[in-house]
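Down below is the structure, laid out as C-alpha cells.
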Amino acid sequence: MNASSGLLAQATQCTTSCFLDVVLGAKCDVGSLTRTSACLCENTPLLSDISTCVQTSCTFSDLLDFIRVKAALCVDYPVPSRSASIWTAAAVSIAIIVPVVVLRCVSRLATVGSLWWDDWTAILSGVIMVVTNAIALTSAKLGFGMHLWDLEPRFVYMLRQLFWFAEIGYLPGLSLLKVSILLLYGRIFQTDKFLKMVRYGTLFFIAKTIAFIFPAAFQCMPPSAAWSHDPKAKCMNMMAAGYTWSVLGIVEDLVLIFLPIPTLWNLQMSRSKSLCVMGLLSIGSLTFVASVVRLKYIMQLGPTLDVTWDHVDIIQWTLIELLSAAVCSSILPCRHCPTRLLSHLRSCMSDRTPRNDTQILPDNGRPGGDPEMEAGRSPTLEPKATVSDTHS
C-alpha cells in the first residue's frame, strides 16, 4: 500500500475512500503500483464500481479526482474507445440531410413557386437535426464513446452538458419530421377524412413533444444538476419515459407507413410517382426498424452512470432513425429535380447537334418537355379518389 499511498495522497478523501473500498474488497495486491495497475486498469467492473461509488457519494470535483488518479495509475494501458462510430454516423447524417432538404426546397420552388407547411417543418427539423448531429460530432471528438473514467477531466462537464442538449433536440426534431410527412400526405390526398386524420395527427405530435420535452429538460432540480453532478440534487429516472417514447414512436412509424396504403390502392399513378411512393414506404420501413433496434438497446441498458460508453449504440441508432425519417419525408417532394436535370442535360445535348427545319415532337404529340412537368405540374394521379398532386 505504500506504493499507492503517494498517488492517493493527491486525491480527495471521498475519492480515496471509494478507491480503497473497491480495490481492497477485490483483494487486489496494492503493494506496488504495477500490481495495483495490473489488477485494476483492465478490469471494467472494478472501475465501474469505483466510478459508481464516487458519483453517488462524492462531489463533481471528487469525480474528476478519480479520473486523474485512474489516468496516472493506468498510463501504460490502452484506452478502449467507440468514438469513431458516433463520429461516422453523425458526419454521414449531416452529409445526407443538408443536400436532401436543399434539394426538396429547390424542387418545390421550381415546380410550384413557393414552399408550404410540410416544407417549412422539414426545414426546421433539418436545422434541429444538423445541430443535434453537430453536437454528436463534437462529443465524439471530446471523448464520447469512451468510459467515463477514461475521459480527460476538462471535458467531462461539457460532455454531460452536450448530452443533455442532444436529448432535448432529438424530441422536436423527430416529431417535426413526422408532422412534415403527415402534411405531405394532406397535400396529396385531399379527402375530408384524410385531412381530418392529418389535423389530429399533427395535434398529437405537438402534444406528445411538449409532454416529453419538459420532463427531459427538468429531469433534475435544479436543471443544471443533469450535467454538473450534484449528489444532493433530485433527479427523475428517465428510463420509463424513454421506453414510452420509443414504443409510441414504433406505433407512429407503422401508422405513417400504412396510412396512405388504402388510398393508394384505389389510385392509378405514373411510374415515376409509383417508384417514389415505394421508396417513401421502404425508407419509412427502415425508420421503423431503427426505432425497434433503438428500443432493444434501451431495454438492455437500464440505469447507468457510464453514459459516455453505454449510450453509444442508442445514439448510433437514434442518428440512423433521424436520417431515415428525414430522407423519407423528402423523397417524394424531391422527385422533380432529377427529372428536370435529365431534361436539361438532354436539351443541352440537343443544342449541340445539327438541327433541320422539322420539329421533333415527343410522344405526347406536343412540342416541349415532359408533359407532367409543364407549368410546374406534378405527375398526375388518375382519379379514382379525390387527390391533389399539384403540390406534392
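Glycine is no exception: its Cβ is also placed from the backbone N, Cα and C atoms.
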- As recorded in TrEMBL, which of Cys74, Cys105, Cys220 forms the disulphide with Cys41: Cys74
- Note on the structure: Quick tally over 86-107, 119-142, 162-185, 238-262 of CB pairs under 8 Å to the transmembrane segment (197-218) gives the top stretch as 162-185
